Amino acid sequence: MNCKLTALLFLGLIVIASCGWINEKKMQQKIDEKIGKNIIGGMAKAVIHKMAKNEFQCVANVDTLGNCKKHCAKTTGEKGYCHGTKCKCGIELSY
């Protein structure tokens, strides 16, 4: 039960961080307060950091909302490709 509650709270933190309601620094401070500076806290902070960096919603090489394509078309005129969680303009996947 405790493990499920922790997972649910963690997913809630990810949603809040990715929606932009509060910033990454505040989220990481809350993790330090609630979980502490240990291995689990470090993993939680790493996931929050990855989610906060993901401004174009690229997940596992898939442009889920089309934001990467729109961004690249607007800025460079090239096609946008998702590389993991990063958006790269005009650079296709090589694998």
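One-based numbering along the chain as shown.
Each residue, glycine too, has its Cβ placed from N, Cα and C.
Record source Swiss-Prot places CYS82 in a disulfide bond whose other cysteine, from CYS19, CYS58, CYS72, is CYS58. Per Swiss-Prot, the disulphide partner of CYS72 among CYS19, CYS89 is CYS89. Long-range contacts of the domain 'BetaSPN-type CS-alpha/beta' (55-95) within its own chain (CB-CB distance under 8 A, at least 6 residues past either end) are absent; none are counted. For CYS72 (disulfide bond), other Cβ atoms within 10 Å of its Cβ number 21.
In this structure, the C-alpha atom of CYS68 (disulfide bond) lies 7 angstrom from that of CYS82 (disulfide bond).
Take the Cα of CYS72 (disulfide bond) and measure to each of the disulfide-bonded residues CYS58, CYS82, CYS87: the nearest one is CYS87.
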